[in-house]
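Database features, via TrEMBL:
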DOMAIN    12-139  domain 'Nicotinate phosphoribosyltransferase N-terminal'
DOMAIN    412-500  domain 'Nicotinate phosphoribosyltransferase C-terminal'
Amino acid sequence: MDGPTNPMVTPLLTDLYQFTMAYAYWKAGKHNDRAVFDLYFRKNPFGGEFTVFAGLEECIKLIANFKLTEEEISFICETLPGSCEEGFVKYLRNIDCSDVEVYAISEGTVVFPKVPLLRVEGPVAVVQLLETPVLNLVNFASLVATNAARHRLVAGKSKMLLEFGLRRAQGPDGAISASKYCYIGGFDATRWFSNNVAAGRLFGIPLRGTHSHAFVSSFMSPDEILERSLHRSDGSSTCEDFVSLVQSWLSKIQWAKALGNTVGETNQSELAAFTSYALAFPNNFLALVDTYDVMRSGVPNFCAVALALNDLGYKSVGIRLDSGDLAYLSGEARKIFQIIEKEFGLPGFGKTSITASNDLNEETLDALNKQGHEVDCYGIGTYLVTCYAQAALGCVFKLVEINNQPRIKLSEDVSKVGERILCRHPFNESKRAYVVPQRVEELLKCYWPGKSGKVREELPALKDIRDHCIKQLEQMRPDHIRRLNPTPYKVSVSAKLYDFIHFLWLNEAPVGEL
């Protein structure tokens with residue numbers, strides 16, 4: 001199995017105290033004690049009532065390739081306080097995860113607080129060395145996937161969502177990870193003009209994009225365009241002067257009675273930029289129309305170039321709005337597209353795609369929905385990839401069993417379909433109800449069997465994880481996933497497990513003396 005996507009994810013990506021504890025375990029002869037750890041979180045992020053589990057694939061890749069190099073071992077021994085015995089050095093040389101077992105919920109599953117997402121079993125020293133990197137790989141992944149899912153829910157199923165976050169992300173790894181996990185959470189693509197070609201190559205995420213304001217500003221006039229010819233889409237002939245064809249269409253638009261006085265003189269440097277971009281990408285012409293004036297210049301110039309491309313058999317992608325009143329501007333642009341469709345007999349032109357960007361977040365999308373708009377696609381960056389509304393998920397990695405002796409337990413064997421069971425709130429003794437399960441699903445599957453001989457669950461493709469996440473969200477009750485004041489999702493335990501948990505707590509809690 002290939003290693004983790006980020007080459008920095010090695011056995012050294014951990015806290016020093018994991019190695020000091022490993023040394024102490026070894027000194028005490030406890031390093032091979034069989035331990036079980038559960039990874040879970042305590043509270044859903046963003047004030048919501050659900051979380052999307054992500055990061056499992058990277059965890060398994062780490063575990064499959066967990067091996068210390070001689071250089072790393074030397075560094076560890078130099079770093080540990082006091083002297084490092086040769087026996088421990090030999091132990092470190094032989095460490096791997098062949099005796100480790102990993103059970104996990106499927107990546108992309110909707111999960112809830114205190115439910116184990118990942119269970120790691122193995123020699124206590126080795127499993128503790130996995131604690132920090134595994135938490136690192138799951139915490140941000142699940143947080144950003146959940147953030148993406150929340151944006152998808154507000155935007156609606158019909159809108160295209162583009163992740164625009166590379167330049168604002170927390171470093172290169174934050175950007176690459178965000179692209180991957182936003183895709184899992186329901187985004188359609190990552191933006192190729194600035195974000196994130198690397199993620200597209202690594203994960204096969206679709207790339208979408210356009211040009212920047214700087215590209216538009218760099219042109220002075222159409223006279224700068226030296227190569228003016230463009231082949232028809234079917235290759236049957238060549239338009240020798242595409243620039244003149246664009247100018248002729250602009251003139252028709254300006255004289256169109258149906259448009260009244262809405263179109264006058266447009267910015268010719270902007271027109272030159274659009275024309276040049278269309279010559280380079282006739283099949284992917286999407287224009288940023290707000291560099292100068294959206295309605296007086298940007299939209300008419302786009303339409304002139306789009307209609308010229310249409311003459312040669314090409315279909316333009318649409319426009320992007322990156323500033324201003326997005327609800328109003330999208331509506332006015334749509335009106336012009338519909339008038340041009342009717343005026344020049346161009347079926348489908350009225351449905352030309354409109355993309356909106358510019359520091360969008362959940363609240364902005366919600367406000368646009370309430371105002372009414374004509375936006376088809378959203379480009380979302382800063383608030384998405386930085387998880388601006390919440391900095392961290394707060395997953396924990398807790399010892400639940402050592403040498404078959406439970407220290408705490410959050411799950412047990414599953415019940416059976418049709419078998420009546422008493423379910424209880426884990427911490428509120430008055431909340432309980434009888435339930436007859438209609439469907440029973442084993443949540444924890446074996447993704448790394450070690451040398452146990454158990455069948456290993458295959459890691460699914462990224463698109464399959466995304467499809468699973470979307471299906472999971474579709475199965476949720478609307479009131480559980482609404483943006484504001486969602487209804488808490490009830491997670492219960494059986495009466496047997498409830499009694500066991502509380503017995504452990506009472507046994508372990510110290511008794512005071514007055």
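Don't overthink the numbers, they just go from 1 along the chain as shown.
Here the Cβ of each residue, glycine as well, is placed from N, Cα and C on the backbone.
When DSSP labels each residue, the domain 'Nicotinate phosphoribosyltransferase N-terminal' (12-139) comes out as 60 helix, 21 strand, 47 coil, counted as helix, strand and coil in that order. Taking H, G and I as helix, E and B as strand and the rest as coil, DSSP gives the domain 'Nicotinate phosphoribosyltransferase C-terminal' (412-500) the counts 24 helix, 14 strand, 51 coil.
If you take every residue in the domain 'Nicotinate phosphoribosyltransferase N-terminal' (12-139) and average the pLDDT, you get 96.
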